[in-house]
Structures are given as C-alpha cells and as structure tokens.
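Peer 1: Sharing the record's features from TrEMBL:
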BINDING   Leu20, Asn27, Lys156  xanthine binding site
DOMAIN    35-157  domain 'Phosphoribosyltransferase'
BINDING   Ala128, Asn129, Gly130, Glu131, Ala132  5-phospho-alpha-D-ribose 1-diphosphate binding site
Amino acid sequence: MELLREKIEKEGQVLSDTVLKVDSFLNHQIDPMLMKEIGEEFANRFSDQVITKVLTIESSGIAPATFLGLTIGAPVVFARKRKSLTLTDNLYTSSVHSFTKNETNEISVSKKFLSADDNVVIIDDFLANGEALKGLMDIVNQAGATVVGAGIVIEKGFQLGGQLMRDQGLRIESLANIKSLANGKVEFFD
Ligand code: G4P
C-alpha cells in the first residue's frame with residue numbers, strides 16, 4: 001500500500017534496530033484519511049470472505065479495525081487489556097506477553113460479542129512476535145468461531161511472528177512489511 005509506505009518513510013522514526021515510532025499517524029495521533037484507505041484496503045484483501053465480526057486489541061488496533069468495520073458493515077470488538085468495571089464475568093480471557101514491553105496482559109472479550117456463528121477477521125497495528133495474534137486466536141477458538149485471517153498494518157518481517165502464524169495456517173495480510181530497521185533506515189520487503 002503505497003500511501004502507507006510513503007507515510008512510514010516520511011514520518012516514521014527508527015528508534016532502534018527493532019522499534020519504529022509511528023505515533024504521528026497510527027499509535028497516538030491518528031490520520032483518519034490514511035485510516036480510511038487502510039480500512040478499504042483490508043476490505044479488498046478479504047473480499048473473498050464473508051466477515052461477520054472484526055476483532056482487535058486496544059488501543060492502537062481500534063482505529064484500523066473500525067475503518068474496516070465501517071467499509072464492510074460489520075461490528076468491531078476490541079479485546080480489553082485492563083479490567084473493566086462493568087465487564088466482570090462471562091468473559092473469554094487469554095494471556096498476552098509482550099517481548100517489546102516486557103509485560104504480560106490478561107486480555108478479555110465478553111461472551112456476548114463472539115459466538116460460534118462468527119467469521120472473524122483479526123486486525124492489529126503491528127505484528128512483531130505474534131503474541132497478540134496468538135491471544136486473539138485463542139479467544140476466537142474459545143468462542144468456537146472461525147478465523148478467516150488477520151490484517152496487519154505494519155508487519156516487522158524480520159521478527160518471527162508472521163512466519164510462525166503463517167506456518168500454523170493463518171492467512172495474514174500485511175499492508176507494509178518491513179525487512180530491516182538497521183542503521184536507522186526503514187527497508188521494506190517488495
Ligand atoms: P507481538 O504482539 O507481535 O508479539 O508484539 P510485541 O509483543 O512485540 O508488541 C507489544 C506492543 O508493542 C504492541 O502494542 C505492539 O503494537 C507494539 N509494538 C511492537 N513493535 C513495535 C514497533 O516497532 N513500534 C511501535 N510503535 N509499536 C510496536 P500495545 O502494547 O498493544 O500498545 P497499544 O496498542 O496500546 O499502542
């Protein structure tokens with residue numbers, strides 16, 4: 001996706017060989033025009049599937065997931081990382097360890113919003129080690145729903161998550177796939 005690549009090249013800051021800061025359009029400030037195109041691109045990529053629900057994880061997955069939901073007319077559910085005051089029981093839960101942040105989050109989704117009839121696309125902003133994807137897949141499996149694939153805004157292809165999940169048979173559609181962040185430079189896979 002050309003517009004996304006340009007945005008990464010122009011505004012992305014390489015913080016280290018493994019971390020890319022994109023807070024001017026994805027992780028803090030959100031560019032709604034870009035998000036709209038991202039939602040439409042995900043919809044195109046999954047146009048061969050009937051999707052009944054879009055599933056993501058708070059917080060940065062919510063914007064791209066919502067624009068996909070808007071484009072295809074499907075509801076969007078986000079897994080919560082923090083305990084909610086009103087969301088107390090009847091939950092699917094899973095554990096997500098972040099190697100990047102060195103913390104583990106218990107994630108949860110109300111059983112009200114996912115069922116065995118659902119065909120789910122999982123959306124997230126970054127794919128690094130695949131831990132968030134694994135946790136979300138676990139939740140979909142607990143619900144007995146079907147995962148039709150995962151849509152990722154930025155995959156860090158030099159980390160192992162994408163390979164690992166594809167090897168398990170998951171269809172992954174990445175809108176930008178980064179080959180390297182070495183020497184302060186973003187290099188993409190073609
Ligand atoms: P994984 O799910 O693929 O295993 O990823 P990892 O544990 O490495 O990532 C944990 C958090 O760090 C996620 O955000 C993920 O989006 C973010 N992250 C990973 N790599 C990068 C990167 O290169 N740049 C940026 N900006 N973020 C990265 P999170 O904790 O869920 O935060 P948020 O969604 O609330 O923003």
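Note that Cβ sites are derived from N, Cα and C of the backbone, with glycine treated the same way.
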Peer 1: Taking just the CA atoms, what is the gap between Gly130 (5-phospho-alpha-D-ribose 1-diphosphate binding site) and Lys156 (xanthine binding site) in Å?
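Peer 2: About 10 Å separate the Cα atoms of these two residues.
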Peer 1: Taking Cα atoms as reference points, rank the binding-site residues Asn129, Glu131, Ala132 by distance from Asn27 (xanthine binding site) and give the first.
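Peer 2: Checked the binding-site residues Asn129, Glu131, Ala132; minimum Cα distance to Asn27 (xanthine binding site) goes to Ala132.
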Peer 1: Does Glu131 (5-phospho-alpha-D-ribose 1-diphosphate binding site) have same-chain partners at least 6 apart in sequence with Cβ under 8 Å from its own Cβ, and which are they?
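Peer 2: Listed in sequence order: Val96, His97, Ser98, Phe99, Gly161.
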Peer 1: Is Gly130 (5-phospho-alpha-D-ribose 1-diphosphate binding site) helix, strand or coil when read with DSSP?
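Peer 2: Looking at the DSSP assignment, Gly130 (5-phospho-alpha-D-ribose 1-diphosphate binding site) belongs to neither helix nor strand, so coil.
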Peer 1: Please report the Cα separation of Asn129 (5-phospho-alpha-D-ribose 1-diphosphate binding site) and Lys156 (xanthine binding site) in Å, rounded to an integer.
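Peer 2: Roughly 9 Å, rounded to the nearest whole number.
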Peer 1: Any idea what the Cα distance is from Leu20 (xanthine binding site) over to Ala128 (5-phospho-alpha-D-ribose 1-diphosphate binding site), rounded to a whole Å?
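Peer 2: Cα-Cα distance, Leu20 (xanthine binding site) to Ala128 (5-phospho-alpha-D-ribose 1-diphosphate binding site): 11 Å.
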Peer 1: Looking at Cβ-Cβ distances, which residues of the chain lie under 8 angstroms from Ala132 (5-phospho-alpha-D-ribose 1-diphosphate binding site) while being 6 or more apart from it?
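Peer 2: Spatial neighbours, sequence-distant, of Ala132 (5-phospho-alpha-D-ribose 1-diphosphate binding site): Ile57, Gly61, Val96, Ser98, Asp124.
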Peer 1: Look at the binding-site residues Asn27, Asn129 and tell me which residue has the greatest number of other C-beta atoms within 10 angstroms of its C-beta.
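Peer 2: Buried the deepest by this measure is Asn129.
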Peer 1: Among all the protein chains here, how many other CB atoms are within 10 A of the CB of Ala128 (5-phospho-alpha-D-ribose 1-diphosphate binding site)?
Peer 2: 22
Peer 1: In whole Å, how far is Lys156 (xanthine binding site) from Ala128 (5-phospho-alpha-D-ribose 1-diphosphate binding site) when you measure between their Cα atoms?
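Peer 2: With the alpha carbons as reference points, the distance is 5 Å.
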Peer 1: Report the DSSP secondary-structure composition of the domain 'Phosphoribosyltransferase' (35-157) as helix, strand and coil residue counts.
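Peer 2: Counting residues by DSSP class gives 38 helix, 46 strand, 39 coil.
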